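Per TrEMBL, these features apply:
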type     : residues  : note
COMPBIAS : 249-259   : compositional bias 'Low complexity'
DOMAIN   : 69-228    : domain 'NIDO'
DOMAIN   : 787-863   : domain 'Thyroglobulin type-1'
REPEAT   : 967-1009  : repeat 'LDL-receptor class B'
REPEAT   : 1010-1054 : repeat 'LDL-receptor class B'
Amino acid sequence: EGSLEHVFIKILKLQKFCRKMIIHVFPDDNTFVIFQSQINTNGFLAVEEPKVESEYLGKMPASFGMIAIFLGDLDNSDGVGKVYYRQDSRPSVLLRTIDHISQAFPQDDEIKPTHALIITWENVAAHGDPSNCRNTFQLVVASMASASYAILFYPREGLQYISTPVAGQSVPVHAGFSQGLVQAWFSWSSSQGPYYRIATDDEASVRQLSEETNSGRRGVWVYEIGTSPFFSSITPGLVTNLSPEEGVAVGQVEQVSESPPRNNGEQQEIEFPPYEHEEEEETPEPELPPTIYPVQYQPRYPVVPESPQTTPFFSKIVFFQRMWFVFFSAVFAYSSETCASNRQKCSSFADCKDYTNGYCCHCRPGFYGNGKDCVAEGKPQRMNGKVSGRVFVGNSPSPLEFYNNDLHSYVVANDGRAYVAISTIPAGLGPSLQPLSSLGGVIGWAFALEQPGYENGFSIIGGVFSRQAEVTFLPGNERLTIKQEFKGVDEHDHLVVSTELEGRLPEVPHGSTVQIDPYKELYQYGSNRITSSSNRDYTVSLLDGSVQTKTYQWRQTITYQSCPNDEAVRDVQPTQQLSVDQIFVMYDSGNQLIRYAMSNKIGSIHGGPPEQNPCFTGRHGCDTNAACRPGEGVQFTCKCSTGFTGDGRQCYDIDECRETPEICGSHAVCNNQPGTFRCECVDGFQFASNGKTCVEVDRPIDHCQRGTNNCDIPERARCSYTGASAYICSCLSGFVGDGHTCQDIDECEQGRCHQDAVCYNAQGSFTCQCRPGFHGDGFQCAPELEKTQCERDRESIQVSSDTGSFSFFRPRPAVSQYIPTCDQHGAYEPTQCHGSIGQCWCVDGNGQEVPNTRTGPGQRPLSVIPPPIGPTTRPDVSPVAPGTHLLFAQSGKIEHIPLDGYSMNKGEAKALLHLPDRVVIAVAYDCVEKMVYWTDITGPSISKASLEGGDIISLSPEGLAIDYLARLMFWTDSMKDRIEVAKLDGSQRRVLFDTDLVNPRPIVADPSYGRLYWADWNRDGPKIEMSNMDGTDRTVLVKDDLGLPNGLTYDPESQQLCWADAGTRKVQCMDPNGRNRRTIVEGIQYPFAIVSHGRNLYYTDWRREAVVAVDHTTDRETDEFLPQKRSRVYGIATTPTQCPQAYNYCSNNGGCSHLCLPRRSGFTCRCPDVVDGSCVERNL
């Protein structure tokens, strides 16, 4: 009749008469699956062609995919043992199946199988066993669109045999799931896939199949086995305890009157009846739409005698087919079903709507996209991905190859500005990639500023599409192919893309710059296909001053899948024009980065007066997290994006986790993110199949962490976790033994100290001390030299200062105390300074002041600046390993602690820099150049050093903040009561504030918004203030309930400003607008500095002499690190593995002649305090 359903119904009617060709037809979404498999009398179901039994009996795992319910050398040739099978879609059978699965997986609430394959091995014996022992067992495979389940039933009264003879030996039967051989990636070879075992080779384990459970019912085992390919992920049922009513028949056994009478050793008690009567008359065709119920029948198999022409394999096969799948909707995910069973396929910000032929997803008001992917209107968008390629440059015969380089892109959606950066591009390729601004510019089209009546790419096709571009360069005819796969929006609301480059580029000489002219590109929209083409002109400015003008042709095709069921398809303009201007390209050879920036608008191909409404020009001044709403003429309003609040000019993130504490449910933690939030299961739990509910995970036990090991005490032995539930005990250094019992080693008996030293043994350690009259570390001792006059002066002043009543918690000597500085030989430094009064002077060899050399505050005399003291050659000082670390300052050194997630790896803590005779107060980190900066009040100075090793560089302070985007540093000076700014190399210094400050100490920067925050611990009026980085809009945020706000930090992810107060003894947080203030912890001792990393806050404490970790999501202290050398700890910072993704207007100095200082929605060009005459100030 031409109806596909009718064809399948005819096949089903024929299956009653065709005994060797059994076809199961399962309607699955808009796809009809013709499923065929092989049932074997040896107790397994094969999903592909099995091998002869000599290749799998006793040799598991098998080379082919299978479900082994009771795999062994079984026998049904005596006419008593039977194997039955059927496919069943009756509601009563499906409800019983749901009952078993739901009891095994109590957290799964969307279990709706469409069909079940039921196989029964009844009264089968072990081959060659004369005892007449028989077993009956059953397998049910239940399938639905998102998952498949296997239910294994074993006799409750126990198994009569648990092993079968194999090669003359008794071998326990197997039960489990084998994926078979799996084709290796990028290779023609195969390897053994996963093999999940239910029972081990131990006979007791096999016997437990009928005695225990993972579904709450004795002898019933339930597993989620995934979809095709099966067995790549096996999840066992979660209920290992028997239900209280197990004594009462749970799932009462059905009695089957058609079965043969019971013989000795037979077992008939099973869950599902093995077969039903066949219908004698042909079932009439149902009315359309048809409901397909395959005919149930009892197979009658003759016993096939073995013969030389018939292998044992075929005598074991009940039926043999292959598996084939027929798809009538090639790649599209929409189906002919309804929203009731497909709502989860839509974005969480979309609604599902049913149509005549199916369903479609539509983004809700305030969001845009294709329904599968939806993003908030006005919210900045990010794209992350990887770039790989094989590219020839110029006439080079060898290609440059690269793999999985990072690509990051950022779009200010409400004005169409897009920024793209690709990392680790070699110098031989980077300059020549500059003309290809559209390499990442597709995100500019996807989120282009829309003109009235037109839509950008994401609004039409969402985030899942393919793009291929062909680039031809003229006149050399070099060709390059760009292939990109866009994979939708991930859990972080970032668009994900993979990119491949193949071909040849004309060479752009190293050091040359490229300027791309503004261009327009026509996009032609068809059915699931978009094409565009354009010619791009660009100029190359060479180092010799010459300029070359070049052209390339650009053609691209974008393919995607729209919803075919929407009868009210939006009226998309068939042709739209993308206008691109303000194009900036640059190759940063120092960092091996290629950068692109451009402005994008999508609109009409026709001319006409340009739109004047600021919403369409992008010049509206709305917050970057706000949508611009056009009004009449040039009127408009700003509305904060979903997930933000404010007046539209300034928008602040809504903390959904705080406003709705139970939003994530039990056993889950809510993590707030800009514009949204994420739920994470706590340790020991994982998401169930619905992606929302957290269920307990059956994990191996780490006895080392739990403290349930039998190693010696932690002071003598180390417990090392080795996986599963295993561990190893080993004695610590300084002890000897087997790890379970450890004894101290007396190192003094080994002569480890110098001959002029005394050795003192201790538990696990020892110390060496030089004898009187000698100096050194005990390992090397030398006769003590007489101290110089400078050293004696320093010692006498420091001793008197330390015994004074003002030494308690004083970060520097008293104002009246001047301590001379000595060089490495003990002589007076030629320039001496008194930090407390801010003056310096020259001295002679006896330390006497040279007349007329004393300077005023903040100046040095015209003499050689003493070189900074660099890292010593101590063996424990070395460059830090990759990863995120905590940096904190102690007097005379900066130490680091590696972070493992949010936990401090205390065992790996060590000194980063050794700075003798220095008092380091503040620590900051530049994530771009991987430099650590610190302030030193003994100088006073600001210094920096690379984390990768090298000398210290001094610039010239208590608090310190870094703007890694604008390449600026800001610091507070509590002696001069002011806040200053300078370039990161110390040049172009400028005072921002020098009024209304008493004791400014901590300062932090928010580069993405161009904001500064600082605290003043003036005992008569402490306060926390905020301003733009150019000094404008200075505001007092907090002045109540403050004592000594020593530490301050800002978390850009949660948009929380947090501080540690040594007066109120609290850690508190609030939003940057001064609202939603809350206490994280209280009753702390004497905090000095604080830093944020993820869910944790880390602060240093003078009295505890420690680094303390606090979880701000649970408001409790979680960890503490005590340095080996106990002394006050000062500043603290983190070293992230990469810089946060952000942008401010001074990323490239904004075109300023000197200082570019960011502010919200703009920047200011300012001159340093010492002007060279060529500086120009302006506001932009």
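Each Cβ is built from the backbone N, Cα and C atoms, and glycine gets one as well.
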Open item on the list: Using a Cβ cut-off under 8 Å, which residues of the same chain at least 6 positions beyond either end of the repeat 'LDL-receptor class B' (967-1009) come close to it?
Closed with: 835-836, 838, 857-858, 922, 924, 926, 928-929, 931, 933, 935, 940, 942, 944, 955-961, 1015-1021, 1027, 1029, 1031, 1034, 1045-1050, 1052, 1057, 1059, 1072, 1089-1090, 1140, 1142-1144, 1146, 1149, 1154-1155, 1157-1158, 1160, 1166-1170
Open item on the list: What does the DSSP secondary structure composition of the repeat 'LDL-receptor class B' (1010-1054) look like, as residue counts for helix, strand and coil?
Closed with: 0 helix, 23 strand, 22 coil
Open item on the list: Looking only at the repeat 'LDL-receptor class B' (967-1009), how are its residues distributed among DSSP helix, strand and coil?
Closed with: 0 helix, 23 strand, 20 coil
Open item on the list: As a test of reading the model: what is the averaged pLDDT for the domain 'NIDO' (69-228)?
Closed with: 84
